[in-house]
Amino acid sequence: MASLTLKRTGQKMPQIGLGVWKIVYNAIKSGYRLFDGAADYQNEAEAGEGIRRAISEGIVKREDIFVTSKIWNTDHRREHVAQAARHQLGLWGLDSLRRDDFALIEFDLLLVHFPCSLKHTGIPERFASGWYNDEAQTKIELDNVPFQETWEAMEKLVDEGIATNIGVSNMASSLLCDVHRYARIPPQVLQIEVHPYLTQDALVSYAQNVHGLAVTAYSSFAAEGWYEIGASKDIKSLFQQEVIIKIAEKHQKTPAQITLAWATNRGMAVIPKTSNQTRLLENLSVTDIKLSQDEIKAISSLNINLRDRMLTGFCE
């Protein structure tokens with residue numbers, strides 16, 4: 001499987017991931033090796049169950065799987081980062097697995113989900129706080145935590161063997177530059193929203209070429225995913241864009257495959273979400289699609305800097 005090499009550790013991160021127990025189990029059988037989770041997704045226990053089942057049946061070994069998770073905004077204080085990471089490790093069940101060398105298993109990659117600190121709400125058995133502190137979901141309480149404190153706590157997780165690699169998500173270039181000013185262990189991965197309606201050319205180039213970060217793109221299909229969370233259907237589907245349809249016909253692929261290949265040809269990893277077995281296999285094959293620079297530019301011309309409405313104001 002195609003992969004990106006993480007600069008500090010040299011660990012290989014698969015370029016295609018799935019981003020729960022049955023879906024994960026079937027995805028492993030189909031060839032997926034990268035699984036992207038987070039406290040906010042509330043599915044880490046189920047995803048871990050799928051991984052453990054595949055390992056117990058001898059389909060894969062633990063070292064074949066690359067597990068990513070994320071620390072939520074309410075856990076940015078030094079002591080809360082460690083508590084949250086250990087709790088999430090337990091949800092995945094990774095603390096009960098061992099590699100062939102009998103080393104305890106940790107997260108392959110742990111990200112800070114947003115560079116935005118919210119008031120700590122405790123670390124429940126089931127994550128439930130989200131962005132809001134009230135039942136009506138109208139009140140967001142910020143917490144005055146310098147990101148340097150959060151990052152130093154992340155570095156300690158590497159020292160303690162809880163995470164092999166650490167990184168950031170939804171972070172702009174200015175803050176990324178600042179993190180590298182004080183980081184003892186620099187971020188290895190930047191996970192951001194990227195799709196043809198939001199190409200993020202400058203940020204992707206800065207992360208890859210200045211800092212050597214691996215970039216993971218989420219929301220690869222833009223509006224297709226937003227419909228599920230109540231976005232306006234006035235946004236035209238990428239799959240209906242003539243330029244993508246023509247390129248798909250030329251390569252004898254689906255518009256979805258071409259949309260993903262546009263990202264992987266730019267050197268990014270992708271984590272499309274699907275429970276459909278046919279699409280699982282189609283998505284996994286996109287690293288074999290080689291687009292010309294003209295094709296990449298044509299797809300990139302669709303850019304209108306359209307960001308997921310739920311994240312506007314936090315990531316700009």
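Placed from the backbone N, Cα and C atoms, the Cβ positions cover glycine too.
On a predicted model such as this, the values are computed, not experimentally measured, just so you know.
Going by TrEMBL, these are the annotated features:
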type	residues	note
ACT_SITE	Tyr41	active site, proton donor
BINDING	His113	substrate binding site
DOMAIN	22-303	domain 'NADP-dependent oxidoreductase'
SITE	Lys70	site 'Lowers pKa of active site Tyr'
The one of Lys70, His113 whose CB sees the fewest other CB atoms within 10 Å, among these recorded positions: His113
Tyr41 (active site, proton donor) CB neighbourhood, other CB atoms within 10 A: 17
DSSP three-state assignment for the residue listed as 'substrate binding site': coil
Alpha-carbon spacing, Tyr41 (active site, proton donor) to Lys70 (site 'Lowers pKa of active site Tyr'), which is rounded to whole Å: 10
Confidence summary for the domain 'NADP-dependent oxidoreductase' (22-303), mean pLDDT rounded: 90
Integer Å distance between the CA atoms belonging to Lys70 (site 'Lowers pKa of active site Tyr') and the residue listed as 'substrate binding site': 5
